[in-house]
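J.: Per TrEMBL, the features are:
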| type | residues | note |
| --- | --- | --- |
| DOMAIN | 85-194 | domain 'Ig-like' |
| DOMAIN | 205-287 | domain 'Ig-like' |
| DOMAIN | 306-368 | domain 'Ig-like' |
| DOMAIN | 375-455 | domain 'Ig-like' |
| TRANSMEM | 487-509 | transmembrane segment |
| REGION | 520-542 | region 'Disordered' |
Amino acid sequence: MPCPLEVPDGLMFGKWKYEMPNGSPVFIAFRSSTKKNVQYDDVPDYKDRLSLSENYTLSIRNARISDEKRFVCMLVTEDDVSEEPTIVKVFKQPSQPEILHQANLLETEKLQMLGECVSRDSYPEGNVTWYKNGRVLQPVDDVVVINLQKIVDRTTGLFTMTSSLQYMPTKEDVNAKFSCIVTYYGPSGQKTMQSEPVVFDVHYPTEKVTIQVLPQSSNIKEGDNITLKCSGNGNPPPQEFLFYIPGEPEGIRSSDTYIMTDVRRNATGEYKCSLTDKSMMDSTTITVHYLDLQLTPSGEVTKQIGEALPVSCTISSSRNATVFWIKDNTRMQTSPSFSSLQYQDAGNYVCETTLQEVEGLRKRQTLKLIVEGKPQIKMTKKTNTNRMSKTIICHVEGFPKPAVQWTVTGSGSILNKTEETKYVNGKFSSKIVIAPEENVTLTCIAENELERTVTSMNVSAISIPEYDEPEDRSDDNSEKVNDQAKLIVGIVVGLLLVALIAGVVYWLYVKKSKSASKHVDKDLGNIEENKKLEENNHKSET
């Protein structure tokens with residue numbers, strides 16, 4: 001503390017004193033200007049704590065609260081005594097406030113002790129303010145009750161501030177941050193210090209129950225597993241619920257989940273859950289999608305060629321289903337219909353259906369159709385272009401595939417081994433090349449599990465001309481060939497009728513012509529006879 005007086009000329013000595021509360025002085029330090037010596041009075045509170053410099057600045061070490069006094073600097077000359085006071089204020093920064101005796105939890109609608117904010121060793125005394133989420137908590141009757149206590153330590157003179165907070169929380173106080181701030185004074189003015197924030201577990205009753213279906217999908221199908229989850233919005237959340245299942249007269253007590261495995265279509269319906277006291281209920285509707293397919297007939301079916309086979313694929317589903325047919329791994333444009341079975345109708349048929357909105361819901365059934373038939377044979381012959389051989393072809397139909405054998409009756413050499421075409425749709429052909437020296441008979445024998453069929457054909461020798469028979473035409477041109485054959489037959493019949501009529505007319509004409517000729521010949525004969533008689537008579541007269 002510098003002496004606020006200017007050192008005068010003729011100074012004899014200077015002194016420092018302080019004033020007691022009653023105004024009486026207590027001298028604590030003396031310094032002579034002439035002898036340059038310093039003396040300290042025997043004052044216990046300041047023993048070994050004082051220092052007085054040559055310019056009469058007084059220093060006090062280890063400041064105490066008791067040092068907050070009115071100190072006076074006194075300078076004495078022979079003629080005068082000058083005094084000037086210095087007011088000393090002592091400050092002590094308090095400890096950081098902390099919230100003690102914290103509540104383990106807070107319950108809504110109940111006024112309870114939240115905790116105490118404590119800040120120690122302050123001088124002068126400070127003040128405590130409570131905050132929630134950074135905003136000041138103002139006292140409200142029966143909602144916010146604050147009680148501040150300030151206790152001074154008689155030994156140190158320091159203050160301890162304790163502020164208790166009673167609080168009635170609401171649901172909105174979940175995760176709310178409570179803190180307190182101590183306001184104190186220092187040499188530079190007012191200052192604050194804040195505690196660490198505290199979050200309390202706020203308990204409140206359940207006000208709403210919610211039921212969920214897991215997995216959260218609207219496309220539940222037969223065979224899936226379903227988990228029902230029930231939850232309440234209270235804290236702590238309810239641990240047990242009642243689940244109401246379609247077909248069950250009473251609620252089923254369970255934890256917050258209820259699991260159903262391998263559900264069927266009869267599980268479709270309304271599901272509910274409630275608290276165990278049957279209050280607060282929620283519901284949801286579950287639709288279990290299904291897809292049924294019935295193929296009639298199915299499996300392996302064997303039929304005879306030409307028979308009819310009704311086929312039906314019946315679908316039953318929870319939504320509109322898509323149906324399509326596959327034959328031998330190729331998708332068909334229309335559903336199969338068999339009024340007269342042919343060999344090409346044989347194959348593996350699949351009726352398949354799906355629900356496009358429901359992933360993984362697909363059904364299919366198969367029909368393996370076998371079309372059987374006894375062997376049918378048609379033989380054709382053809383003279384080869386070299387005019388040295390003929391090709392005989394045996395066209396065969398039947399299933400199972402017939403085995404073909406050839407026999408030759410007569411003299412002729414077989415130029416090539418028999419050859420067979422590919423067996424397709426129950427049809428194939430076997431051919432043989434022969435050079436007959438005389439008329440021969442070729443026999444084609446086709447045999448399968450159903451029957452043995454034999455057909456023969458006469459083939460003329462190479463030296464004898466004959467008309468070749470056309471080869472068998474494909475089924476696609478059969479109708480055209482039939483029409484042409486009918487036209488040819490009609491023309492031939494017409495020509496025959498014309499020839500018949502012409503023949504009849506000619507016969508009548510010839511018959512009439514012969515009759516007239518006989519009369520002419522008779523007359524001519526008589527004339528000749530008369531001539532001969534006349535000649536003979538003439539000769540005799542001579």
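Using the three backbone atoms N, Cα and C, a Cβ is placed for every residue, glycine included.
Unlike curated entries, TrEMBL annotations are predicted automatically.
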J.: Under a Cβ pair cut-off of under 8 Å, which of the recorded stretches 85-194, 306-368, 375-455 contacts the domain 'Ig-like' (205-287) most often?
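T.: That would be 306-368.
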J.: Limited to the domain 'Ig-like' (85-194), I'd like the whole-number average of pLDDT.
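T.: Value for the domain 'Ig-like' (85-194), mean pLDDT as a whole number: 95.
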J.: Take the domain 'Ig-like' (375-455) and count its residues per DSSP category (helix H/G/I, strand E/B, coil), listing them in that order.
T.: 0 helix, 54 strand, 27 coil
J.: DSSP helix, strand and coil counts for the domain 'Ig-like' (85-194)?
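T.: Looking at the domain 'Ig-like' (85-194) with DSSP, the answer is 3 helix, 64 strand, 43 coil.
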